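Annotated features, as they stand in TrEMBL:
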type	residues	note
DOMAIN	2-419	domain 'Glycoside hydrolase family 9'
ACT_SITE	His346	active site
ACT_SITE	Asp397	active site
ACT_SITE	Glu406	active site
Amino acid sequence: MWRGDSAVSDGMKAGIDLEGGYYDAGDNVKFGFPLAFTTTMLAWGVAEFGELMPPDELRNAEVAVRWATDYLLKTISHPGLIFVQVGDPINDHNCWERPEDMDTARTVYNVSAERPGSEVAGETAAALAAASMVFRETDPEYADMLMAGARKAFNFADTYKGAYSDDPGLKAGDELLWGAAWLRRASEEDTYLEYIQNNGKTLGAEESINEFGWDNKHAGLNVLVSKEFMEGQVLSLESYKGSADSFMCTLVPESTSSHIQYTPGGLIYKPGGSNMQHVTSISFLLLTYAKYLSQSSMTVNCGNITVGPTALISQAKKQVDYLLGDNPMNMSYMVGYGTRYPQRIHHRGSSLPSFSIHPQPIVCKDGSDYYRSPDPNPNPHIGAIVGGPGDDDVYEDDRADFRKSEPTTYINAPLVGVLGYFVANPWLR
């Protein structure tokens, strides 16, 4: 085992316990926004496909969800504040050191009435609400605690509207609707349905944005909300199915719709780095929407063709097959899977010698030689999925190229449910 305890005193200087949670990538910062999305996707995977998972793997997924939600509950425990980040990213990214050796400032960041953060608060609400479904039968008391936290986070997001991020391209409306949608799904309370109905247009539900990831929920929101319409309960939500249908059509090469970009080898590709996050999250939506369509005996009209659940499942399978090695590089992009996979991932703990081999501290710049080394990482990060190849299907296995070689929690999280589905349906593999 090459990892040990780290950041056990996080939040102490600010007078709050923020131990726990996840570093979202190959650095040592806890970013609350992608951490919450990771949690939502793990929980959604269990909610949709948990019954298909082998019992031991279902337990592993539940443990991973609880580790995240225990931390998220801490972030909302202080009245009037939500803690959204631990660690100074500039100082942290200037060092290459094991998390156990961290000597950079563990600065704590929060949002408040004066400094709102509806996007991270809304995603926190979604994560806690979705996770409550994971534990509703096995630990109802904990599920109730999560739902109470979800309501608290959502009320904060809705009362103090505004974006935490300084990126003008990020808006918070989709996270408000996303949080409300998950509270509706988990609680079945009409209050949250009415919120979606009354605020959808104002908060951008009608915007045609074919994106889904930690910083944009539109496509996922449409899939999630359309479930109620397809079940025949709420006709006012029909537009969400229309938007979800339109998104699905962009993923079907045979349709006349404008398509998202694919590499020559067939991988979904969006510029900007960490591309596998789009591959795994969209694959999850394909399978989930296929499930909803199948349950309601509906199809998708893509103009020149009608698309059913089988076609969507096939598209998801192509993406997963590519990720696991059926690609021009003949490389699996999951560390430890297959005979050829990334050896030099952009991850501090994986690339530096473990404490069992090198018990002396390796501080800040002392790790630079390991960062620049052409040698494979000494500690294989089994199961981690890297950002993946470029738009030409080429992957150089270069530790310094973080856009391609860095693993993230929000790449892995959506794939848990996807793999659960395919493991249970071996005739599709």
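Keep in mind that glycine also has a Cβ here, set from the backbone N, Cα and C atoms.
Spacing of Asp397 (active site) relative to His346 (active site) is 9 Å (Cα to Cα, whole number). For Asp397 (active site), other Cβ atoms within 10 Å of its Cβ number 18. For His346 (active site), the Cβ neighbour count at a 10 Å cut-off comes to 25, with all displayed protein chains included.
Within the same chain, the residues at least 6 positions away from Glu406 (active site) whose Cβ sits under 8 Å from its Cβ are Ala25, Gly26, Ser274, Ile345, His346, His347, Val386, Gly387, listed in sequence order. Taken as a whole, the domain 'Glycoside hydrolase family 9' (2-419) shows an average pLDDT of 93 in this prediction.
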